[in-house]
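Enquirer: Pasting a structure below so you can have a look.
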Amino acid sequence: MRSPLCWLLPLLILASVAQGQPTRRPRPGTGPGRRPRPRPRPTPSFPQPDEPAEPTDLPPPLPPGPPSIFPDCPRECYCPPDFPSALYCDSRNLRKVPVIPPRIHYLYLQNNFITELPVESFQNATGLRWINLDNNRIRKIDQRVLEKLPGLVFLYMEKNQLEEVPSALPRNLEQLRLSQNHISRIPPGVFSKLENLLLLDLQHNRLSDGVFKPDTFHGLKNLMQLNLAHNILRKMPPRVPTAIHQLYLDSNKIETIPNGYFKSFPNLAFIRLNYNKLTDRGLPKNSFNISNLLVLHLSHNRISSVPAINNRLEHLYLNNNSIEKINGTQICPNDLVAFHDFSSDLENVPHLRYLRLDGNYLKPPIPLDLMMCFRLLQSVVI
């Protein structure tokens with residue numbers, strides 16, 4: 001017969017093991033008499049994009065490039081050893097203009113996040129001739145910044161957030177490109193000292209008729225190219241400089257051209273008036289019959305007849321209008337009857353080489369009198 005201790009010892013061992021294990025509490029809804037709740041299906045998890053800390057959160061500046069042979073070269077930029085007067089700081093995620101060495105004449109700062117130009121922006125580099133600030137976020141320019149750059153010739157500030165044309169522009173400026181901003185104001189007299197300006201680009205802004213006063217362009221004696229396309233003009237701008245060669249007014253809301261408007265431009269060779277609201281009623285008979293005009297764009301308007309042209313015009317775009325018929329005798333700059341006798345006189349032959357008439361109400365064939373007049377035509381689209 002076994003001793004009671006033989007039975008007691010295994011029981012003590014089991015009790016000690018049970019005390020060492022944690023006690024599990026029953027889950028809610030799993031007690032006796034209750035049905036277990038179904039487990040929710042796991043929802044698929046997709047990586048969520050990191051939200052910026054603030055709406056204007058910008059990418060960090062890029063790390064400095066390789067060491068330069070020029071000790072004054074900003075770490076954020078590149079100084080080409082074979083072009084010591086140039087400084088390339090473009091596409092570096094910069095928030096402000098770095099310290100520019102005095103030796104720099106050509107400065108490239110496009111494709112950054114610069115928001116303003118304080119007075120000290122170019123204080124060391126007064127010999128700058130070329131500045132490219134395209135595609136930044138510039139809203140504010142200190143008036144004293146540019147007046148301290150007497151040798152500046154080219155200023156590019158396209159694709160920024162300017163609301164008016166900068167003041168105190170250097171008098172030696174030759175090209176001013178301010179397209180794709182928010183410009184709706186032109187300060188009085190801002191161009192008055194820019195006698196050397198050749199190109200003024202103000203396309204894709206918010207310029208209306210009220211912005212242009214009779215003296216807005218005063219001082220631009222040598223301006224050759226004026227671009228006012230993609231604005232909200234309803235009228236032709238007044239007192240455009242008479243030295244103009246190229247005039248861009250596409251994509252406005254212009255309905256009429258004053259009688260004799262272009263007569264005061266002896267050098268005007270290129271006109272673009274596509275995508276406006278021009279009609280025959282708003283076009284005086286000889287609006288474009290000016291001596292030096294070579295290229296005329298009038299597509300995407302509401303014109304129903306071909307306007308009179310000069311003998312030297314080479315390219316005429318009249319596509320996408322309301323033209324129903326075309327008469328070569330009426331639009332020919334020369335008398336067709338006299339033309340037969342002097343067919344070999346190329347000096348008097350109209351110079352038109354390209355004529356576009358598609359998108360109207362015309363149908364082939366091309367009228368014979370049209371071909372007899374414009375004998376140098378190389379392409380007619382109808």
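Cβ atoms here come from the backbone N, Cα and C positions, even for glycine.
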Enquirer: Quick one: Swiss-Prot says Cys373 makes a disulfide with which of Cys89, Cys332?
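Expert: Here Swiss-Prot pairs Cys373 with Cys332 via a disulfide bond.
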Enquirer: Run through the repeat 'LRR 9' (279-303) and tell me, per DSSP, how many residues are helix, strand and coil.
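Expert: For that range the per-state counts are 3 helix, 5 strand, 17 coil.
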Enquirer: So what's the average pLDDT for the repeat 'LRR 8' (255-278)?
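Expert: It averages 97.
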